[in-house]
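Peer 1: From TrEMBL, here are the annotated features:
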type	residues	note
BINDING	CYS546, CYS549, CYS586, CYS589	Zn(2+) 1 binding site
BINDING	CYS555, CYS558, CYS573, CYS576	Zn(2+) 2 binding site
DOMAIN	313-479	domain 'Helicase ATP-binding'
DOMAIN	581-735	domain 'Helicase C-terminal'
Amino acid sequence: MTYKVAKVIVDVPSRETDRPFDYLIPDELKGWIEVGSRVGVPFGRRTVQGFVLSLHRESDMDPARMKPIQELLDLMPPLPPDLVEMAEWMSRKYACSMISALQVMIPAALKGKAERYISVAEDEGGQDALSEADAEAGNADSGSLFVVPELLTGEEEEIVAYVKAAGQVTMDHLSARFADRAGDLKGLIRRGILAETQMIKDKVRKKTVKTVSAAVSGEEAERALASFSGQARRQKEVLQFLLEVGVPLSLQEVLSTLRVTAGTVAKLAEKGFAVIEDIEVFRDPYRNRNFKGTDPLERTAEQEVVYGKVTETLDERSYGVFLLHGVTGSGKTEVYLQTIERCISLGRQAIVLVPEISLTPQMVERFKGRFGGKVAVMHSRLSTGERYDEWRKIREGRVQVAIGARSAVFAPFADLGLIVMDEEHETSYKQEETPKYHARDVAVYRAHQHNAAVILGSATPSLESYHAARSQADDNFAPLLLEMKQRPSGSHLPGVNIVDMREELRDGNRSMFSRALHEGIAARLERGEQTVLLLNRRGHSTFVMCRTCGYVAGCPECDISLTYHQKSNNLRCHYCGYAAPAPSICPECNSEHIRYFGTGTQRVEGELAKLFPGIRVIRMDVDTTTEKGSHEKLLQTFREKKGDVLLGTQMVAKGLDFPDVTLVGVIAADTALNFPDFRSAEKTFQLLTQVAGRAGRHQLPGEVFIQTYMPDHYSVIHASRHDYGSFVREELNHRRALHYPPYSRLILVTLSHEKLPLLLRMAENFAGDLRGKAQRLGWYGNLDRFAAEALDILGPVASPIPRIKNRYRFQCMVKYRGPLDAVRLVRETAADTLANLRDASLQISIDVDPQMLM
Ligand SMILES: Nc1ncnc2c1ncn2[C@@H]1O[C@H](COP(=O)(O)OP(=O)(O)OP(=O)(O)O)[C@@H](O)[C@H]1O
Ligand SMILES: [Zn+2]
Ligand SMILES: [Zn+2]
């Protein structure tokens, strides 16, 4: 079975190129090109990277017009066929291009770019140029023409001689070498005397080390050693050493052990007595760490039930999704470990997804401790090279478990048995950039492809998952609900006190600490126990405001206030990167009363220092955790009890497990409740429940204070009682009444352009067009009428951030219910809008199942 044609998705980001192109498979690559292969193909005048989508015996295209694949970039295709198939599904589901879906599945190291190489043309006389001119003139019989050798100037000859000597040089090198003779260089290429080829070059290569080993043995070696002259004493020493050791050694090691130069070893190799080779090695980010092995714990009764259900699915090789609702500290991670162990023993592989900020060394340690070298870890703090190597271990079948953040869901395992998603409610599982996928949906789809099991674990499951489990409505994704209500340690969930901050104010306490929390901290200091303080502030930012005139420093390009960064003492825009020095007088009114406002973990830190002299505070926020590894270092310091208080934003709420933490305080519980986001109650509940679970997880009993100005809000009350069920009932009622997910689905469409009037018109056109189309399909209607199928379009309205990077933004929200292919309708309408306008500057972004509404 020989395939002659490959359909290739090219790495050219435009709407016109979002379809496969046909290429011929050259004879020498037949048998090597597979579905998922990464190839370099000619595209227009360039060479671009592409992925093979499918193989065919013939094409509808005229073979004469088809170009051949130029090069194959990897021996083993980076994408197995199931991922290629999934890219097509992602493209439909999330309205993204195929290339963006394929690119997100492979490590950044494999995003190759074409490099231009120059060599002397085969026939120096400019044959190519001539025959091309002939072809244009319709003269097919150019071969018989008498070719006049081109005359070269002295300068030109020098360049040609240089290239000839080098064989092949990059264009970059050549233009730097002959920087002052760009004209000559270009002329030579234009006339076809120098030929240009393009090849794809990867950003990062496999890492290798130079090794050296003896190339002779036995009698031969005896003779070789005898043959050395007195001057070659050092070479003889090296050969003797290599013969003794008998295995390849790293060159570096040989040089330092014997104190010889690289030249000595090279001479030995030249004579044929030794070989110097590059041997591939893996960069291992955890190489200097030892992980203590751990054994499975005896399962509790609750764990047994969950374990039984999941392993049954694994043993049967059937598809199954489980929603594991387990209170904090109920032993979910232990269940993950044991089900993974079963999965591996069945010869299959497992993926563990955790939110980026929970991917701490402690987390990794638990998995490495149980599975040792079978684990690959992927997270954003690794270098591009380290990530590439971890990924290769997966692709080459060297490991059986991959643990990582969102994108680890694409780990290219051959026989996937289990996908665990810890903290499944976390919004960071949704990617905010294109492709705007949700790792939960991808996990479920992959499990379906592989007949695998999925465990979605959380103490506070997302309403979408919980509702799906309860109603068993959506047959594609109807998880089985499993619950764990007890902690194996026997410790109880901590008592939670709600502190009404309005009352504190009435009683004359103007501090940010209530009297109760103040006393609590003081008591911990006395007893040598630890405290965790959470400042609930999403999008944590500090802005600059003038107290005299009310001026707020804003970004000149975006309609948003600038964020103050203490370390660099400047103001920065989080959307476009604009930066300016922090002003000391107000640019509007020249007042000196210009101050830094906002959340300030720094302010809390300052106040703590004032109230408790000598207190050791470890502050964890965006400012203190930007450096690589800083997050871990801070936690380690706290773990070693070199800090009394761990103070921070959301980061402190997740997965931390410290035996001496007996007090948790939430400074301002309600800040998120005021956000114009229908999920704000859910997010507040989740955060409070999570952080409350940090206290008293071990022998010492815990205590929690939640300070709030909204003590009667149901999310605060239910969180204080650890009562997920009551919260969900109340929240679902609200959602149903307002037709929000899970009772509808959303598509957020954002249009942007530099010119406001034009944008406004286009946004109106888009919404009108979409409405018309929906009406003709009989979909359009108010969701209030409780029809099984309906689609409503809200807007256009200005986006919550109305301008970013000098582009104005308007949005439409599509709300729908029932099995309508609304994504396709929106995508087609967007394409029509763009095609009609023919203004490349208009951008339309489509976010399916959006998580961030601001
Ligand atoms: N079967 C068991 N017997 C004894 N101890 C157990 C058992 N299972 C778990 N534990 C212990 O209970 C504690 C909590 O377990 P684990 O971290 O797995 O819970 P979790 O639900 O993942 O916690 P969270 O998600 O709240 O961080 C750990 O110290 C763990 O070692
Ligand atoms: Zn002012
Ligand atoms: Zn900006």
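Placed from the backbone N, Cα and C atoms, the Cβ positions cover glycine too.
Keep in mind the model is a prediction, meaning the values are calculated, not measured.
Can you tell me where each of these features sits in this structure?
Peer 2: Long-range C-beta contacts of CYS586 (Zn(2+) 1 binding site), restricted to its own chain and to partners at least six residues apart, with a cutoff below 8 Å, comprise CYS546, THR548, CYS549, TYR551, GLU592, HIS593, ILE594. CYS586 (Zn(2+) 1 binding site) falls within neither a helix nor a strand when secondary structure is assigned with DSSP, and so counts as coil.
In this view, CYS573 (Zn(2+) 2 binding site) is surrounded by 21 other Cβ atoms within 10 Å of its Cβ, with every protein chain counted.
Across all of the domain 'Helicase C-terminal' (581-735), the predicted model scores a mean pLDDT of 83.
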Peer 1: Cα-Cα, whole number of Å: CYS573 (Zn(2+) 2 binding site) versus CYS589 (Zn(2+) 1 binding site)?
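Peer 2: On Cα coordinates alone, these residues lie 23 Å apart.
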Peer 1: Taking only the Cα atoms, work out how far CYS555 (Zn(2+) 2 binding site) lies from CYS589 (Zn(2+) 1 binding site), in Å, as a whole number.
Peer 2: 18
Peer 1: With an 8 Å cut-off on Cβ-Cβ distance and a minimum sequence separation of at least 6, pull the same-chain contacts of CYS576 (Zn(2+) 2 binding site), or say none.
Peer 2: CYS555, GLU557, CYS558, ILE804, LYS805
Peer 1: For CYS589 (Zn(2+) 1 binding site), what is the tally of other C-beta atoms lying within 10 angstroms of its C-beta?
Peer 2: 13
Peer 1: If you count Cβ atoms within 10 Å of the Cβ of CYS549 (Zn(2+) 1 binding site), leaving out that atom itself, what do you get?
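Peer 2: Looking across every protein chain shown, the total is 14.
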Peer 1: Filtering CYS555, CYS558, CYS576 (binding-site residues) by proximity to ligand 2: which pass a Cβ cutoff of under 6 Å to any of its atoms?
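Peer 2: Among the binding-site residues listed, not one has its Cβ under 6 Å from ligand 2.
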Peer 1: Around the recorded Zn(2+) 1 site, report the further residues of that chain (criterion: Cβ within 8 Å of the mean position of the Cβ atoms of CYS546, CYS549, CYS586, CYS589; site residues excluded), sequence-ordered.
Peer 2: ARG547, THR548, GLY550, TYR551, PRO587, GLU588, ASN590, SER591, HIS593, ILE594
